[in-house]
C-alpha cells in the first residue's frame, strides 16, 4: 500500500535528529537556493477576487496553493493531482502548509549593506576596512566618494572625496587614471578585494612591534574579526546584499476582518517599500536617468532595506498609517514579545484549567479536590476511550454526546479514569520549583479547587481569592515523573536550605501551642497516669484539664525493638501530641515535651524526617494538622480590645523623653550643638523610649496572674499566645497596638523627629496620622518596584546558571574551600556545623587530640559527623565545592554534596544551576529595596573593646607594641593579631587588633573567658609616635593650615588641621608633626627603619600635643575623628545582592595592596598622593597607587604592608580580591556578603547555591601569554577550553598559553555563554546573533535553554538519561551497520548485537 496514503491524516516528516546548530552569513547563492521565485510586484491580493496577485508578495505560483491540493484557477482539485503544476496559473498542487515554508527573493538593482553588520557594535564592516563608521555611512548614503584604486595618482586608497573634490580629481588626473566609487557598490568592491590571510599576518606582525596600548587594542579588535571570517568560511562581501530573501507569506499573514478591511503584518508594508523603490530604480537605470536621481533612488532602497531588517536603528523610524513604528524583522526576535521569549520559551499548554482555591483540611497530603466540572473537561479524551472500550459508544461523536448530557455512566467512568492519575497544580508566580506540585485528584462538588493546608507555604498561597492552574500530564512518562518527582509528599524539604517546608502555620500552630501550655494550680495537679486511655477518661470527666501539671508514662520502642516505658513530668495536652509520634527508638517524648511554637514544630518535623523517613513523616504531618485544627477550634482563642494592655509607665517614659528633647532643642538654640547632632540625639532618645515602652508592654502581657476566687491561673493573653507561638502577628505589631508606634520615616528615607506617641488602641491624632501615611505609601510603592526587580534578578541568575548540571559522579579534584564559622562582632552567626553539613570532605578530618580519623576524605558530612566534629572542637574544615570542581561541562556530584530537597547525595542530571538561581531569587521579594542612610549616633559604632571568647594562652603575631607615657601597651603595627590557643596548642580564635589600641595581655599570658584583651577609641583614628623625643611643628600656619576652635559645651580649645589648599597662599604647605631628638629642636629623631620621624597631617586631624612637649613611643600626637568616615550610605537588600552578582566596582572602592612590602611616598600630583610599595621580594617591580589627597590614609613612610591589606578603606571591588588574593578569597567574600543581606531578613540559603552562581561567573580566563596557541593576549577564553588546548600543546612539546581568571557579572556571563541561542534569548538579541553569524558559531546544545528552544528534551533529569541512552544506541547502530556493509555474511553483525544486548542488561 502506498506509504503516502497511510500517512494521510498525519503527513509529518520524521523528526530530524541533529546535535548542533550553526549560524553564518547567507551568501547570495544560498539565498537563491532557498527561494522558489522572484517577487517583482508590490501587490498582495486582488481586491475583488481576494486571490493573491501573480509575482506579488503572496503569489501562489511562488509560495504554493491557498487551499490543500487545489490550484489557484481551480483546474486541478483533489489529491490525485498531487505534484502537478497547473499550466494555466502555474501553481503546484500540494498542501497549503508549504506557504509556511517556501521563501521568495527580491533581486536588487543595486547592492545594499546589511544594517546589522554596519551598525551593531562593534561595526564589522568599518572595523574590517579600518575606517570609521561615519566614513562608511557617508559612502553608503551617497555623500562621499571613496577611492578604490588610486592608480599612479597622489590619492590614497580608502580616501574620501566629496562631489567637488571628485570632479577636481577627474579634471586633474583624468577619468581613467584612478577609480573612486560611491554607495554600497564601493564597499562591496573594497570587501571583495580584501586578502584576509595577508591582512591577518600583517596585523600579527604589527601587534608584535607596537607598544602603545591603545593601538594594541585596536589591532586586536581588527585581527579578531579577520580571523572570525577566515575560520568561519564567510566572505566579507556577503555583508553587502544583492538579493534579499522574502519570508514565507503565512508568517506575515494578511487576515480579512469583518467589514471588508484587512489586518496585515507590518513586514508586508516594509517589503512593499523595498519592492516599490527597487522597481523604480530599475526603471530609472533603464531610462538612463541623471546620476543624481539614480543615486537618490539607491539611497532610498538602502534605507528601505535598513527599515525592513531593523527599523529605527538608523535615521528616523518608519511608521505605519496610525503613527505606530512598524515591526521589523529584528523586532520580531527581540524582547519579551519577540520570537524567543514569547513563543519558544513561553508556550501555552492544552489540558489545563484554573479556578479559585479553598482550603481542604480533610484531604491527605498527596490529594487535592478537583471540581467535577473541571475534571470532566480535562479528562475528556480518557473518558471517550473508556466509553468506547466499555461499549457505551461506538464513535467519538456518540461519546461526546454522552459526556455533554452527563449520563450517570460518565461519572462512574470519570472516577475510574481519575483514580491514581496525578494532576499538576501551579500557582503564579512560580518562583521556585515547589510552585508546581503533583496531587491525586479527589472529585468534589462546587467550582473551587481544594488545596491541602500544609502545602500553602510552598506555593505561598492563601485563601483570600488566590487562583491556581491545573495541568494534566498525558503520557505515561509524564504521569510517572509527576508521581515520582513532583508529588507533594516527595517535596517535604526546601531546596534552598534543606529545612522542612511542610510546616503547620496559623491555626494549626495555635492549636498545638494551646495544647502544650502548662498552667499552675489547675485541677488534678500532680496526678500520675499509666496510659493514654486513663488520661482521656480523666479529661472527659474534667478531673484534669489540658494544661495540668501531671506525671505520665510514655511507652516507646527501645533500641532492641522491645517496648520501654518512662515517666515524664508533662501535661495531658502534650501527651496527646506525643501519641502521634512515630514509634522509633531514636524519637523520644522530649521533642514534644516543650512549648510547641512554630520553630519547635519545624524542628520536630525535621527530626522525624531524618530518623523515620518520608512515609512516616507525611502521615505524622497529616495527623498533626488534624490535631492542630481540632484544638484551635476547641480552644476558641479570640481577642478583644482589653487584651491589648497599655503599660502604666508609658506616660512617664514619654514625659521624660519629651523633657530630654526640649533640653536638646535648648542646647541647639544656645549654639552648643549643631543641627545634625540635635537631630541624632532626639531621634536616638525617642528610639530608646519606644523600645522601653514596648518592653514594659511585653512584661505586662506575659505576666501570669491568678484568679483570687478559685486560685487558678488566669488564661494566657490571646494576643501574646498568637504572637509567641508564631501563628500570626509579631512583637512589632503588638507594640503598635498597645505600646507606641514610634518614629516614622519621610519618603526620602529620613526619620521624622517627632514620633507617633499614640498607639492604635488609643487612636492617632490628625498630625500623627498624616506623618504615618508617608511611610505606608512608600511601603506600597516599594513593594511594586521590589517585585519587578526581584524577578529580573532571578531571570539573570537562571540565565547564567542554566547549564550547570550534575554531569559526573566525581571529578577527582584535589582543590576545595576551607570553611570556618562566621563570626560577627563576637557572635557566631553561622556555625561550622551549619556550613559543612551535607558537603563532601576534601581530606581526612582528624581529631585534634587523638589524631584519629573522624571522617575520611571524599565522604559526605552527615548530621552525626557534624556532631563529632563540633565535639572535637575543630574550627576549620576543608570541603569540596562546586567552585573548585574540575568537570568539563557542569558540576560533579561529589563537589556539590547533598541534594537539599531530598537529604541524599545529589543525583546525576540534577539541574543544580537552576535550583541555585531559584533559591537565591525566590526570597528576593522579602529583601528591602532601600539604601540605608546612616548618620551620627543613630547608628551605634563598632564595639570599642575585645573580650576573650575562649580560655587559653595568648600568642601575638607580628608583635609590634610600645609602652606609652601612661604605662599602657599600645599597638604600633598595622597587621598585629592576637591568637588564643587551647591547652593542646590549637588555634581557637584570631583577632586583628587595630593600630593604636591598648592591649592588656602579652605573649604567653593565660586568659579566662570574658577577660578584656584590648580596647580602643571607636570614634577616632590615632596617629602615634614611634620614637621618644620633643614635638615640633612643620608648616602649621595659623589660619592657613591650622585653626583653634573652642568646644562650647566644655570650653576646651582644640587645634584642628584645615584644608590648606583652599587658600592659594597655602598651596605649597605640607603640614606635619616632627619629633626632635633634643629639646632645642635641632635634629630630627630617626625611626628604627631609617626614615625621619615626620608625620604628615590630613584635613580634619585634631592635634593632641603642644609644641615642645616630651613624648614617648606609643603616645598619641594627633587623632582623626571617625564621624566623617561613618556617615556613609550602606546599600542594603536587593540592590546590594544585584551589585555583588553583577560584580560592579563600588563607588569609592577600597584600594588593596598587590604585594607585601614597604611604603614610600612619591611625588604627588595636584590633588592626588602617589604611594609606592617597594616589594620585599626583590624580583618584583615596585607598585604605584594614586590616592585622592583629602582621603584618610593611615600609613606612614617606611610602614610594612602585607599583600591584601587595604591601603584605602572602603568596600573592596571583587575583581581586585580575585586578582590579589585568589579564587578562594573571592568566593568567601561574595558568599559572606550575599549571605549577610539574606541573614538580616532571616532567610536561610545554603552556601552551595551562591557558590554555583559564582562558579558560573568565573568561567572565563584572560590570556596574558599566548604561547604557541592561536590566541591573542587579551582574549577571553573559556577556562576548560584553555586547559584542553594547553594539554594538547604540552603533549606536542609546545609552549602552553597562560591567563588570569576574570570575574564577569551575571549579565555579562550570560551573554558570553558558549551557546548563542541561549545568549540571544536573554538580552541584546541582534548583537549576539550578528557576532555569532560573523564567526560562524556552532551551538552544541549543551544547556537547558537551547534545547527548550529547538524543542527537544532538556539534558537534565530524565531527559538527560534518555538522551544518553539514545547516544549510546546511535553509536552501536553505526557499528552494526558498518559491520554489515563490510562482511557479506550477516552472522558477525548478529553476534555483535547479541553481545551488546547482554551488556545493556548486565548494566
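Numbers run from 1 along the shown chain.
Backbone N, Cα and C atoms are what each Cβ position is placed from, and that goes for glycine too.
The Zn(2+) 1 binding site annotation in Swiss-Prot covers 71, 73, 86, 89 and is backed by sequence analysis. Taking a C-beta cut-off of under 8 angstroms and a sequence separation of 6 or more, residue 73 (Zn(2+) 1 binding site) has the following same-chain neighbours: 86, 88, 89, 91.
DSSP assigns residue 464 (Mg(2+) binding site) to coil in the three-state reduction, outside any helix or strand. Under 8 Å, Cβ to Cβ, and six or more positions away along its own chain, residue 464 (Mg(2+) binding site) finds no residue. Swiss-Prot lists 462, 464, 466 with the feature Mg(2+) binding site.
Secondary structure at residue 892 (Zn(2+) 2 binding site), taken from DSSP and collapsed to helix, strand or coil, is strand. If you look up Swiss-Prot, you'll see 811, 885, 892, 895 marked as Zn(2+) 2 binding site.
A coil conformation is recorded for residue 86 (Zn(2+) 1 binding site) in the three-state DSSP classification, outside any helix or strand. A count of other CB atoms within 10 A of each Cβ picks out 466 as the most crowded of the binding-site residues 462, 466.
If you take the Cα of residue 462 (Mg(2+) binding site) and the Cα of residue 885 (Zn(2+) 2 binding site), they are about 41 angstrom apart, rounded to a whole number. Between the C-alpha atoms of residue 885 (Zn(2+) 2 binding site) and residue 466 (Mg(2+) binding site), the distance comes to 43 Å. In this structure, the C-alpha atom of residue 892 (Zn(2+) 2 binding site) lies 40 angstrom from that of residue 466 (Mg(2+) binding site). Residue 71 (Zn(2+) 1 binding site) sits 63 Å from residue 811 (Zn(2+) 2 binding site), taking the C-alpha atoms as the reference points. For the binding-site residues 885, 895, the ranking by surrounding Cβ atoms (within 10 Å, all protein chains) places 895 first. Here the Cβ of residue 89 (Zn(2+) 1 binding site) has 17 other Cβ atoms within 10 Å, regardless of which shown protein chain they belong to. The sparsest Cβ neighbourhood within 10 Å, among the listed binding-site residues (71, 86), is found at 86.
In the structure shown, the C-beta of 892 has more C-beta neighbours within 10 angstroms than that of any other entry among the binding-site residues 811, 892.
With respect to their backbone Cα atoms, residue 895 (Zn(2+) 2 binding site) and residue 466 (Mg(2+) binding site) stand 40 Å from each other. The Zn(2+) 2 site, placed at the center of the C-beta atoms of 811, 885, 892, 895, has further neighbours from the same chain whose C-beta lies within 8 angstroms: 808, 810, 813, 880, 882, 884, 886, 887, 891, 893, 894, 896. Cβ proximity to the Zn(2+) 1 site centre (mean Cβ of 71, 73, 86, 89, cutoff 8 Å) flags the following additional same-chain residues: 60, 72, 74, 75, 76, 87, 88, 90, 91. Taking CA atoms as the reference points, residue 466 (Mg(2+) binding site) and residue 811 (Zn(2+) 2 binding site) are 46 Å apart.
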